[in-house]
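Trainee: Got a structure for you, written out below as structure tokens; questions coming shortly.
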Amino acid sequence: MTDVAEEAGWATAKTLAEALPYIQIYDRETVVIKYGGHAMGQEDVAKVFAADAVLLKLLGVHPVVVHGGGPQISRMLDKAGVKSTFVDGLRVTDEATMEVAEMVLSGAINKEIANWITLAGAEADVRGVGLSGKDARLITAEKVTRTKKDPDSNIEQAVDLGFVGEPTKVDPQLIEALLTSEHDYIPVVAPIGVSPDGDTFNINADTVAGALAGALKAKRMLMLTDIKGVLDGNGELIREMTIEQARALIDTGVATGGMIPKLENAIHAIESGVEAVVILDGRRPHAMLVELFSEYGAGTLIKR
């Protein structure tokens, strides 16, 4: 063994020893992971994510994955010649778009992520289980209503978003059964919901993750994004904040674009019983492990 290899071994042992207190903190605790962004479409990054999820399970954590798929849906709609329009960041979803969205989310992305997890955990028999909110009525949803101000009359007008929904009820029994099974299952949930009448709805994945984390009373919700976390007015990373400070970022306009719904869903999750939410860069290898098992973590921690 070379000196370099020996030093690397000692460094690995030191890292594992330093992680012990954090491993004990998360033992048998549920962590909901919102997996999305452009990193989800990169096979090498997806394999690292799957391996990290398996490692969490083997360390005693109960990971639950909720995934998005906006870019993949857009590509499929383009191929089908279906034009997309958006209101407040939500895709207007007619019947044809809903059919494509469900096919991509539940039929392609969901099963691919579950398969990567199963492959990564094959030696230890850790398995990914692909689900959508329609399974066992995991997510009951209703139609989203939005208004938009007419630029000419300055009057708020209702906007029909089609089959875009928001959760009204989350029944976590199926997820809890998988997590407490004698087998090592990792649930992977597509953000599709169903109304009491059986209508299918496309739901924002951040919203689903927050609602599910609240229903499961998760220890943490990790929101993997394409940026390093929440930034202040100077573009610097905010390491930690309260939900009051998160609201202030929204109210003062410091938080913009896609960060607004992320903060809103983080606030809602914490108010529903989640201990803390972390917004972090999912493109960085092993970001989840750094956040959960190191002193300084990664990204922005939001707590009550």
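Cβ from N, Cα, C; glycine included.
I grabbed these lines from Swiss-Prot:
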type	residues	note
SITE	Lys34	site 'Transition state stabilizer'
BINDING	Gly69, Gly70, Arg91, Asn202	substrate binding site
SITE	Lys262	site 'Transition state stabilizer'
Trainee: Where among the recorded positions Lys34, Arg91, Lys262 do you find the Cβ with the fewest other Cβ atoms within 10 Å?
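Mentor: Per-residue Cβ counts within 10 Å for the recorded positions Lys34, Arg91, Lys262 bottom out at Arg91.
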Trainee: How would DSSP class Arg91 (substrate binding site) in three states?
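Mentor: Its secondary structure by DSSP: strand.
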Trainee: What residue among the binding-site residues Gly69, Gly70 has the most other CB atoms lying within 10 A of its CB?
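Mentor: When each Cβ's neighbours within 10 Å are tallied, Gly69 tops the list.
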Trainee: Compute the C-alpha separation of Gly69 (substrate binding site) from Lys34 (site 'Transition state stabilizer'), stating it in Å without decimals.
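Mentor: The Cα atom of Gly69 (substrate binding site) is 11 Å away from the Cα atom of Lys34 (site 'Transition state stabilizer').
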Trainee: What is the interatomic distance between the Cα atoms of Arg91 (substrate binding site) and Lys34 (site 'Transition state stabilizer'), given in whole Å?
Mentor: 19
Trainee: Taking the mean position of the Cβ atoms of Gly69, Gly70, Arg91, Asn202 as the substrate site, which residues outside that list, in the same chain, have a Cβ no more than 8 Å away, listed in sequence order?
Mentor: Gly68, Ile73, Ser74, Thr93, Ala101, Val104, Leu105, Pro191, Asn204, Ala205
Trainee: With the substrate site defined by the record as Gly69, Gly70, Arg91, Asn202, how many Å span the farthest pair of C-alpha atoms?
Mentor: 12
